[in-house]
Each structure stands twice: as structure tokens, then as C-alpha cells.
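Below is one structure, written out as C-alpha cells; the observations come after it.
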Amino acid sequence: MDIAKMSITEIRTAVEKLDELSKDFLSLLAEDPRKGVRELARQLENRLAHQEKLAARWAEMSQYERTLWQEGARYIFGIDEVGRGPLAGPVVACAVCLPPDFYLPGLNDSKKVPEAMRTAFYEVIKREALAIGTGIVSAERIDQINILEATKEAMRLAIDSASLPPDVCLIDAVRLPDLPCRQIPIIGGDGKSISIAAASIVAKVTRDRLMQEYATEYPAYGFDKNAGYGTAEHLRAIQQFGPSPIHRYSFTGVKEWA
């Protein structure tokens, strides 16, 4: 590629077709006498630095999985839940088993991923995961057994509904009783394990979509905006209309108005 004979538009087009940007190539662009080419070099250097940062983060977050694969584990599941804190709606847990060659830079705890990216990640994970299981425990059940036990129940349902048997379960902060495989609870696991982060994404999108459906059924509470969490608007609606059938009647902010 003879940069000197190419227009800036031609260089941009050629760059987009490259599978990988080399630092030598970027240096060549940076030394070009044309200001537009040098600006392109700066933009590409920033992009490359961002890609390298994401790759390093991926390597860090996949340490648990790589170690377990090297030890011979085949089906490593990440387990996470969404919905422990809301005043309404279910708690949703997901179990996700990723293939060893899976790569999704930017994957992280669902709370730290913008909604549009979270939805895109959800589609990739659903398409490429070896297995996914989902467990949903209702608000009524949460009131019966408390939110911690409901979380564990949802996680176990997720594991049991997956199409593959787990060799190891990496679980965000929780230890499950009577699990027929090795389990590794990880505090803050959705930011330390790619499998748990993937489970976090799937659980979050799944629950958000459920709450959007509930918003149609119970429009007074703004579930499509608050996902059942105790926003000021949501609390005012509970006070005005009373709790709905999907509210958690054992929770402060709801039980006072039941």
C-alpha cells in the first residue's frame, strides 16, 4: 500500500478493510505531510489503544475460566441474578456456559454496560453460548421465603434448566446448597469473570423485558422506566394506588400501603 499516492478517502477505505492495525503502519501515517492523514493516524492510535485496553481487561476477566479449562473442566457456568433490590417483579437468575474461543470485548457487569450495548451483547451471548439456563422466582415466592433464599432458588432453577451439566459453577457472591458439582463463589464476580458477566447481561435483559410487559398490565407504576426499583415516582404510585399483584409485600415501601 503506497500511502503517498493515495487520497485520504482511499486511505480510510483501505484501513477499514484491514483485519489488524500495526504500529508500523500507524507510524507511517503519522509521518505523512498531510494534516488529514496525521489526524487519521491519531484517531487510529486511540482506537488501537482502546482495543488493547479491552483485550487486557478480557484476559483479566477470563482468568478463572482459563485456569479451569486447563484443569480439564469442560462446561464452566457463570451464574448471576438481577432483581434483588426492587419493590416489584421477580428475581431472575441466569446460568451461562461460554465456549473457550468466545471473545466479546467490553463485556462487564450489566450495570456498567449501556442499554444499547447490553442488548447487542445479549444477542451475541444467546447466539454463541454453549448453554443458557434461566430461573425466575416471583414476588409472591420472594415474600414467602425472603429475597436471599429466592435468589438461591432462582440460581438453582437456572442451573437445572440449562441443556448441559456443569462441571464447575462460578457464582456471583453466593454459595448454593447441595449443588452436584464444584462451585466457586466470587465476590463481585460479574466484574471478575466473563461467564458471570455474561449471565448478568442475560439476566438483566430478560428481567427488563418482563418488567416492560408488566408495565402494560399495570401502567400506573412506570415499570418500563424503573424496572420495579423504588424511585420517587414509583413510591408515590404505590401510595396513591396501593401495591399491584406483582409487588413484594414484605418489602419496606410496599408493606406500609398493603
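Here the Cβ of each residue, glycine as well, is placed from N, Cα and C on the backbone.
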Problem - Annotated range (TrEMBL: coiled coil) out of 6-33, 34-61, 62-89 - result: 34-61
Completion exercise
Which of Asp160, Asp167, Asp172, Asp178 shares the divalent metal cation site with Asp80, Glu81 in TrEMBL? The record says Asp172
Problem - For the coiled coil (34-61), distant same-chain residues with Cβ under 8 A (at least six beyond the ends) - result: 3, 8, 11-12, 15, 21, 23, 26, 103, 105-108, 191-194, 197
Handout entry: Three-class DSSP secondary structure - Asp80 (divalent metal cation binding site)
Key = strand
Problem - Per-residue Cβ crowding (10 Å cut-off), top of binding-site residues Asp80, Glu81, Asp172 - result: Asp80
